[in-house]
């Protein structure tokens, strides 16, 4: 009978264990698999938590796929039961909520990088186009993130009336438009450029400035303002 030996995490050298590495070097020093292993806490009889984490990431194609995996899909992986699957789903949901709760601290947005950073971790994983607006006051503080519409895989429909009705209700001074491209490529389409120009002109009429339109891709973005497209 063949015998295969596996080190448990407790049997690893202390400097190689994920929790110890996090404490010594900070959370950003850990790989995706190591972070996931901390959530999983244990593996199976034949695999460590890190091995199991690598299997999960491989099965779902990395973090992006894992973020969209449901409870039943996670439990289809050997070694992942109700507790582990719930912990993974809860961790991703907390990350998404933290990434898009501006009303709790009202950040100031002065650059395209700051605007994109506010919504990136939530919008980059959507499998349909979502159109949002960052609603700003006169000091560029975010009053709200308005979720204006949900479209299809490659398009979204936005009516100026709906966009500016909510902005006026919140006494907005300006807006930053944001939407995602599920393909991961943030390059603007001709329709994106046309819509931006139309909404910019509508904003001029009602007295609410459209400062930018940010297109979110897979951990990258395009600012139509920086590109000189409106």
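Cβ atoms are placed via backbone N, Cα and C, with glycine included.
As written in Swiss-Prot, here are the features:
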type    : residues      : note
DOMAIN  : 108-230       : domain 'MPN'
MOTIF   : 179-192       : motif 'JAMM motif'
BINDING : 179, 181, 192 : Zn(2+) binding site
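DSSP classifies residue 181 (Zn(2+) binding site) as coil under the three-state reduction. The average per-residue pLDDT of the prediction over the motif 'JAMM motif' (179-192) is 96, rounded to a whole number. Residue counts for the domain 'MPN' (108-230) under DSSP, split into helix (H, G, I), strand (E, B) and coil, are 39 helix, 36 strand, 48 coil. All chains included, 22 other C-beta atoms sit within 10 angstroms of the C-beta of residue 192 (Zn(2+) binding site). Those residues of the chain, other than 179, 181, 192, with a C-beta within 8 angstroms of the mean position of the Zn(2+) site C-beta atoms are 129, 131, 156, 180, 186, 188, 189, 215, 216. Cβ neighbour count for residue 181 (Zn(2+) binding site): 24 (other Cβ atoms within 10 Å of its Cβ, all protein chains included).
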